[in-house]
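Peer 1: What follows is a single structure, and I will ask about it in a moment.
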Amino acid sequence: MQELDLIIVGAGPVGLYAAFYAGMRGLSVAIIESAQVPGGQPQNLYPEKLIYDIAGLPAVTGADLTKNLLEQLAQISHRLFLGESVQKIEKEEGIFSVTTDKSTRRAKGVLLTTGAGLLKPRKLGIDNEETLANEGKISYFITSLKEFEGKNVAVFGGGDSALDWSLMLEKVAKNVHLVHRRTAFRGHEITVDRVMNSNVQVHTPYTFSNLIENELELKKIKSEESLNFSIDKILVNYGFLTNQVTLAENLEVSRNGRVKADSMMQSNIEGLYVAGDASDYPGKMPLMSVGFGEAVHAINAMTKKLEFDHPLRGGHSSSIF
């Protein structure tokens, strides 16, 4: 069985960039991803949504970000295994064995970039919700804006996703109604201002009451007042429930299910590192840009701490490519 320098678990943005950086430093690297396509949440949940907070990219869609990361990754030698679910990670005599539902691979180090784990959307909470979702009446994320062209759309939620999607939908939908159960939104102030100055119709503090064919009824919180209007589609942005899977015995996790990391992004198991939304430490910020830096930090720490049987390259790309 071939022994690698590094196995990365998770092919989201942080995992893809980590693989590139590891390869740039001269490590032999493989990435294992349970999904059939790489890219994580940006590719699989919101490929057409614009992302604004990545340095040097004023705005980029989830799909384009994935495309760029894969083009970057193509510059270095690597193996990418898709559609494989990691079952366990074991360490024996300083070497990790990573077992999936298809194979077992060995490496000197492991980097977990599994994001927030398996994601399950929070539901609207109505009786026939599953039927409406199967009919396409209710969605929890958007993979194609074309589905909403010329439609009357109601967006439920009060965070950044609900605000961002309302602005995106405004460009293609006939009407967009944003419904939030509170008077104040939880999103970034600048995004809230953009929504308030757009053609999005904001209804606060309202919640779902009833849906009969295309007639949506909202009920005002702590009031008998109601509101009715016609809709074709409902987008629910109440966030996601996560199901973090503990992949290694004795791996320390925080109360929110993320892997505890030290200042070098190493877990309590020597040689097992973590980066991105899968990690937790004091002052942690769950941002993609932060995850990129965490991955670099982890790999640099790994190159100093672990023993490799071949020389490594320096950390500046301008001296390599």
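Glycine is treated like the rest: Cβ placed from N, Cα and C.
According to Swiss-Prot, the record shows the following:
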- GLU33, GLN41, TYR46, VAL86, LEU119, ASP277, SER318: FAD binding site (BINDING)
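Give me the structural setting of these features: burial, nearby parts and distances.
Peer 2: Packing around SER318 (FAD binding site) is summarised by its Cβ count: 6 other Cβ atoms lie within 10 angstroms of its Cβ, all protein chains included.
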Peer 1: State the count of C-beta atoms found within 10 angstroms of the C-beta of GLN41 (FAD binding site), not counting that atom itself.
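Peer 2: I get 19 for this one.
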Peer 1: For VAL86 (FAD binding site), list the number of other Cβ atoms lying within 10 Å of its Cβ atom.
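Peer 2: Excluding its own Cβ, VAL86 (FAD binding site) sees 23 Cβ atoms within 10 Å.
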Peer 1: May I ask which residues of the same chain, at least 6 positions away in sequence, place their Cβ under 8 angstroms from the Cβ of GLU33 (FAD binding site)?
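Peer 2: Same-chain residues close to GLU33 (FAD binding site) (Cβ under 8 Å, separated by 6 or more) are GLY10, ALA11, GLY15, LEU80, PHE81, LEU82, GLY83, GLU84.
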Peer 1: Restricting to the chain of TYR46 (FAD binding site) and a gap of 6 or more, list residues whose Cβ falls under 8 Å of its Cβ, or answer none.
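Peer 2: When sequence neighbours closer than 6 are ignored, TYR46 (FAD binding site) has GLY62, PHE141, ILE142, THR143 within Cβ distance under 8 Å.
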